[in-house]
Amino acid sequence: MYAYKMSRVPELVICSFIVVSLLVIHFFSDLLRASLGGYYNQDVTLSQLVESQSPDYAWFLKLLVNCFGYSCVFVPGYLIYKYVGRINYLERGNKTFLHKAINMCITGNSGYDQLDAGSSTADKDRPAASTAPKRTSSQEAVQLLWCFGGLMISYLTWGVLQEKIMTQNYLNFNGESAKFKDSQFLVFSNRFLAFLVALAYLQWQPSSVRHRAPLYKYSYASFSNIMSAWFQYEALKFVNFPTQVLAKSCKIIPVMLMGKIMSKAKYESYEYVTALLISLGMIFFMSGSSDSSKASGVTTLTGIFLLSMYMVFDSFTANWQGSLFKGYGMTPLQMMCGVNLFSSIFTGASLSMQGGFMDSLAFATEHPKFVFDMVVLSVCSAVGQLFIYHTIDVFGPVVFTIIMTLRQAVAIMLSCFIYQHSISLLGIFGVLIVFVAIFLRVYCTQRLRAIRKRAEANKPKMAV
């Protein structure tokens, strides 16, 4: 009996870490409420107090509050990670649910070896992908049109609704107009639905690849992913959507820099040239697409900063996910499921601490049109991710890049048509430079691959 009680001590300590951490974070959140003037008004949420500050600088307070909310996950997780390593908790024999969950998070071992073996045996009976019959030209064309249409419809709808939700007014039942301001709630709804879609797809069509990665590895990509999404939504309050789309086209430079820092990657000379051309076109576009209603110095600097941080976090996400693919060999859907799981946990914890859930749900109950736009936005985000993985799997990254490049061009024209954004001749010239550089990059990449394939094919002949 005594040994049984002693075996439960680690579980009690781990649970106490979670409870004490949440109490401390809640205490500091109350101090933050008091400093913002909400101590005597308990009906006002922390997110509402932040929104009541100066509009030009409220985003900075909101960023600090969001990161404070993410600590609800990071702090207990770090303490548990250190504690279980110190007492060798994972080597113990008591296979409780908590033990299995922590083991899965830290080592990637679920403890269900028998179940995994059974699924592997079942997968061996399935026909291999390499033995599948080759598609005819007409089937290839239909498949390409399916991928092109799916990516275009899902992400064009997503882009238009994204700008509408963050910039347009919604009418309530009394005819009063209001704007939706909590971009983190949109990030949560997008990521949670994407997690459910990926999980349902994996349950419906199990992968033959056994998952081996520790779950905590996904948290880094998840954090950078939700931060990039948050910066992207907030940037729409200071810059228009065409400027943001062109900024996305400029992501090549930070991706290359992050790749050299994280993976010691090497790049061809044409990649540097096209990256500089894209940056030059971006400068022309931003100079030629100024909005008179968003022309204050604070707004301009804020918009540039938010877009820059978006590109930094997004570049880290891509490179970190690439390192996970190389190190653990998981499928894209497993990656989608893991990253969106932690994204939902992070944003859900932050929203709960701020009271943003109730605030956003109250806005949704009063503005039914917002609910429709939010649901369609989340569905398009989740479906778009599935089309991305399917397109890369069937046609490769080059075809996918071409489709997404065309999507960006159409998105700019569609946004200018719907929301009357003006672009001068200098801005149009910048757009042309950017997309010519992108197509040049795709062409050079394809040509370089063809040259390398021919060189590899000629090697045996030269040896003979």
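Every residue, even glycine, has its Cβ placed from backbone N, Cα and C.
Model, not experiment: these values are computed from the prediction.
The annotation transmembrane segment is assigned in TrEMBL to 12-29, 57-81, 144-161, 185-202, 270-289, 295-313, 333-351, 371-389, 398-420, 426-444.
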Against the transmembrane segment (333-351), which of these stretches has the most C-beta pairs under 8 Å: 57-81, 144-161, 185-202, 371-389?
185-202
Result, the transmembrane segment (57-81) in contact with the transmembrane segment (371-389) (3+ CB pairs under 8 Å):
no
Outside the transmembrane segment (57-81), six or more residues from its ends: residues with CB under 8 Å to it:
14, 17-18, 21-22, 25, 28-29, 32, 36, 46-47, 50-51, 102, 106, 184, 216, 219, 223, 230, 234, 237, 298, 302, 306, 345-346, 349-354
